[in-house]
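K.L.:
I'd like to ask you about the structure that follows.
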Amino acid sequence: MASMAASSIAAPSSVNKGRLSSLFLSPPDRLPHRNACFLPLKKLRSSSAVPLAKTDAGLAFSPLPPGNRSFLPTAGLSTRVLGFSLSSQLVRRRPIERLVVKAAAAYEEEGHLEAAAKSFGERFPALVTGFFFFTWYCLNVIFNILNKKVYNYFPYPYFVSVVHLLVGVVYCLGSWSVGLPKRAPINKELLLVLTPVAFCHALGHVMSNVSFAAVAVSFTHTIKALEPFFSAAASQFVLGHQIPLSLWLSLMPVVLGVSMASLTELSFNWTGFISAMISNISFTYRSIYSKKAMTGMDSTNVYAYISIIALFVCIPPAILIEGPKLMQHGFSDAIAKVGLVKFLSDLFWIGMFYHLYNQVATNTLERVAPLTHAVGNVLKRVFVIGFSIVIFGNKISTQTGIGTAIAIAGVAMYSLIKANMEEQKRKAAAEAPSS
């Protein structure tokens, strides 16, 4: 059998012995088996032969020159795959090539899985930031509307301020108990640093509520648009920072607009005006003390500790100023007007929305640049003023509307200039070590 196979193969003398391999590849259409393969000559068992393919297009290996075609015996031959194999006229890859392809496929699949594993926020950061701003505005508007509705039948801002902080503190304690977020430890030194911040926060919060209870929500927010003016004044005269002339000029429309709105505001009274101004001063000093109280703690924990301290600050004046009236007729009058269930639910929800909008505001401002922060604050005030006018149907004079618009435009101008200045300082500080 071996001699017959050897005699049936005519190898030309011109073929180099090194190229004369014992393996031949036959096209798949000429083999009795579907899968073509390298055929060992030692296992050829028949002298019957078929011609090789006329072209080398389907061959991965050809040991003979194109001009010398021989015949391979094929009857009863063994077709164990030694190297290449063909299926449906395609040459199968060598084992090492198959491993490379599998590795590449696995790498590509891993890349797809990694991309799929990315969070929604990592893939669409702008969309998530927009959602944060939208949530912040909505929570703020809802809080202001519900808060004013409560004051319409329960005009006790000191007690309501305590409720705001109390609900927020209970929420923080519940979040800490489940580890969302994990409570940051606090010591005596940190407590002393946060106490001035919490005191200013408590005073500003109470005075804002006194103003909300006394005048229209839109007018209170118009007065609170003066907060950048007090911030600039404190920076210049308290901290000794030099404020550029451009910032002072941008604040002139704010002062002018608030003055125009105040002169013709239908709900104007001095209690609402003065309390809103005290709120501006308090929040200005809160910002100053906050810069001195940079502890490295995350904002959620800092706000929680500030809320707890502020709650203890607000309780004594609420008891002293409003306690007797509340015990005599305050609670009973409110329950008689709306019922016990609605009264308690209203107090709970205004406290919850107060805490949530402040927390979402903090988280939102951490995600954006100072310029976006400034624009966001201005737009928030526009949202609150606009919605409060629509919901409560407050009648405003033409001069009040124009004054409010001028004040908001001035705040926007001031915020943009200040944000650009802060950005330039940050870039200069970042480039200083490399220069």
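Glycine residues also receive a Cβ, built from the backbone N, Cα and C atoms like all the rest.
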K.L.:
If TrEMBL is the reference, give me the range from 90-109, 270-289 marked as transmembrane segment.
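P.N.:
Residues 270-289 are the ones TrEMBL records as transmembrane segment.
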K.L.:
List, by number or range, the same-chain residues at least 6 past the transmembrane segment (270-289) whose CB is under 8 A from its CB atoms?
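P.N.:
Residues 196-197, 200-201, 203-205, 207-208, 210-211, 213-215, 219-220, 223-224, 226-227, 229-231, 234, 238-239, 262 contact the transmembrane segment (270-289) from elsewhere in the chain.
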K.L.:
Could you check whether the transmembrane segment (400-417) packs against the transmembrane segment (245-264) - three or more CB pairs closer than 8 Å, residues at least 6 apart in sequence?
P.N.:
yes
K.L.:
Do any residues of this chain, six or more beyond the ends of the transmembrane segment (378-394), have a C-beta under 8 angstroms from a C-beta of it, and if so which?
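P.N.:
Non-local partners: 133, 136-137, 140-141, 144-145, 148, 216-218, 221-222, 224-225, 266-267, 404, 408, 411-412, 415.
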